[in-house]
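Asker: Straight from Swiss-Prot, here's the annotation block:
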type	residues	note
BINDING	LYS244, LYS461	substrate binding site
BINDING	ASP375, ASP377	Mg(2+) binding site
MOTIF	375-378	motif 'DXDD motif'
TRANSIT	1-75	transit peptide
Amino acid sequence: MSLAYSQATSLLLSSTTRGGVPSLMHIPATNSPARINTGATPFWKLPFPARPLRQYKSITRARNQVILTAEKSVDVDTEKNTHHQKATAETTRELVERIRWMLQNMDDGELSVSPYDTAWVALVEDIGGSGRPQFPTSLEWISNNQYPDGSWGDRKFLFYDRILNTLACVVALKTWNMHPDKCEKGLKFIKENIHSLENENEEYMPVGFEVAFPSLIETAKKLGIEIPDDSPGMKDIYAKRHLKLKKIPMDLLHKMPTSLLFSLEGMKGLDWQKLLNLRFEGSFLSSPSSTAYALQHTKDELSLQYLLKAIKKFNGGVPNAYPVDMFEHLWSVDRLQRLGISRYFEPEIEECMKYAYRYWTDKGICWARNTNVQDVDDSSMGFRLLRLHSFPVTIDAFKQFEKGGEFCSIPGQSTHAITGMYNIFRASQVLFPGDHILADARKYSAKFLHQKRVNEAIVDKWIITKDLPGEVGYALDVPFYASLPRLEARFFLEHYGGDDDVWIGKTLYRMLYVNCDTYLELAKLDYNVCQAVHQHEWTNIRRWYKDCSVGEFRLAERSLLRAYYIAASTVFEPERSGERLAWAKTAILLETILSQKLHSEEKHTVVDEFKHGSISISGNGRRHQTRISLAETLIYTVNQLSSDIKQAHGRDIHQQLHHAWQKWLTTWEGRGNLGEAEAELLVRTLHLSSGLDESWFSHPKYQQLLEVTSKVCHQLRLFQNRKMHDPKGCTIDLVTGTTFQIEAGMQELVKLVFTKSSEDLDAHTKQSFFAIARSFYYTAYCDPEAIESHVDKVLFDKVV
């Protein structure tokens, strides 16, 4: 309901309404100071007429029901809109069910077939001694998957990928004297394009290409296939091969699991009896090609069973790595969260996290379960997600990736991948007090990524994605503590390529449940539905702003919009409209009151008027406009919010909300710690409007969270003011961008929120404290110009 009242000092609202909106009535002025008592109920005490809230349809039974689209409301409806809303709801439901099925049916990983690995499998001769192919279906897959130009490979054209895959497939077909026409087409493609290798971006060179490709050329020559290898590009590849083979510690290779097990194919001088002790579940580091090469030499039964399982799953072909279960479970959750649609899949995500934790080790993890080789990319992603889901993971996982203050992708290697450093940077921001190795990792990875950005060199060796520079740039510009959920989703919707993103292993490959157009379609649809709800609410906020004369206190409409944006970017779900509006209006009123230059007597009058729910008049019979408007607006808004929450949750929170405001006003009047008081008021308002029972407010964990949140929010407000008014005198840590005290407070809060304890609060309640602190951090950390651009992008730029 909107309130319309005059700026004249002697107007009150009567109980008569027009169309549900209270009408105006003139009240004669009295001649002496007194509290108004006309026999009529003051407008700020009027009961709110029952009004239909915007209703929503949900498709889950989660604690916070997920909203699909708005039903008919009293003020916005046409037959066309209703049809569109129903169609949107149905499309959303279908997409959610499709993704839910994918998550519920995850096993060892869904990914594309690698022609290169399939060719190595096809080369295996029957271990029974018949002289025939051991895996004829792999040869069949090769024969059925040649492109018209004669090549094999991923649909994304890279010469490295196409030439390696094509030569491997030609060698396999030639070995078994099959399809000479396909062999000829493949050779023609290779000879016409091999010179292009020297022009390719070296960052996109597949894993082990400099060893695998020359080995294939040698095998091809034994079959009578001549491949031109005297070009400058080929000579460079041979030089890299010589250097790499020279560095391989053969004694170490046979003694303990290393990443070298992933690329055994074509290597000479191997002691297979020793190497067989290093396989797990029949495979060598989940590599079909490496395992096929081992089977050729050992006829090992476990290796045979591993390959048979993979061939059956992928209909004759095999992928570049299998299984990739840890990779798939973790990266899928990460994508769903950053796209802003994880709330649809909370049970499924919880199962993914339980699965990941089951195979987590103190040394970290790799792309597959139970491997004895770990990498920083998977370990960082696993650590971050498990910690954010309150699983007790240890920072010891990062020790083997650190040496002398530097961090590497794989223990013992000195190379760095952008995504590895990017994910360790993200993980390092979820640190608890005393996590020194994470602080070191943050410093190192931030410096590395900043330098790459300055040099415009953000190209990764593991993935070709739509906008990796954008992803890295967002992480550097908006750290975890400042990353509001809707802001992150809005940017990631532009960075995420869906099906078009491709990974780089031994060949290019697709992770079908990680990079998925279905995720993208749902995310875009959901974002635009939420945005439409937010825009509708913004219209109502503007009406409230004008009707309550908030603008009379010189609070600019842009400040109003910024306050709503902060709330909507944090509590964005349509069904949480009550919480969002309560937060926004509370923040707006706080800013309005704090902007007034009132002397102590005026402050006291405002506090007294609010406390008693009545308005004082001056000696000449007139009421002071500023004082009265502040009190009237505040009383009215508290009543309005209380009425809305009672209608939504069936609970009357008026007394508690009034008390929360009274406590803040008392602090304001007495010049107390307003930063802490402001945070406490916002927390209380958010919890009351969410329907949280007041009994939880006295819970020891609640009190601890409130104390830490209030303290860090106060520090952030002071920091923000210093940045604005005395930037030269504001000491800023070069790594974190704030102060040591603020970072320590945020670390303490993160630990309280994301660790479980006996007699704990529920996760949703705990995370709301972090949400409030995050909003303070965001406004203190980000420049006003950046925030202005974020406001427009999040609230008004539709995702297409």
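Backbone N, Cα and C atoms are what each Cβ position is placed from, and that goes for glycine too.
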Asker: From the Cα of ASP377 (Mg(2+) binding site) across to the Cα of LYS244 (substrate binding site), what is the distance in angstrom?
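Answerer: Taking the Cα atoms only, LYS244 (substrate binding site) lies 23 Å from ASP377 (Mg(2+) binding site).
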Asker: ASP375 (Mg(2+) binding site) has how many other Cβ neighbours within 10 Å of its own Cβ?
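Answerer: ASP375 (Mg(2+) binding site) is surrounded by 23 other Cβ atoms within 10 Å.
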Asker: Out of LYS244, LYS461, which of the binding-site residues is least crowded by other Cβ atoms within 10 Å?
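Answerer: Looking at the binding-site residues LYS244, LYS461, the Cβ with the fewest others within 10 Å is that of LYS244.
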Asker: How many other Cβ atoms are found within 10 Å of the Cβ atom of ASP377 (Mg(2+) binding site), counting all protein chains shown?
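Answerer: Counting Cβ neighbours of ASP377 (Mg(2+) binding site) within 10 Å gives 26.
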Asker: Restricting to the motif 'DXDD motif' (375-378), report the mean pLDDT as a whole number.
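Answerer: Its mean pLDDT is 95.
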Asker: Quick one: Cα separation, ASP377 (Mg(2+) binding site) versus LYS461 (substrate binding site), in Å?
Answerer: 12
Asker: Kindly report the helix/strand/coil residue split of the motif 'DXDD motif' (375-378) according to DSSP, in that order.
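Answerer: Counting residues per DSSP class in the motif 'DXDD motif' (375-378), I get 3 helix, 0 strand, 1 coil.
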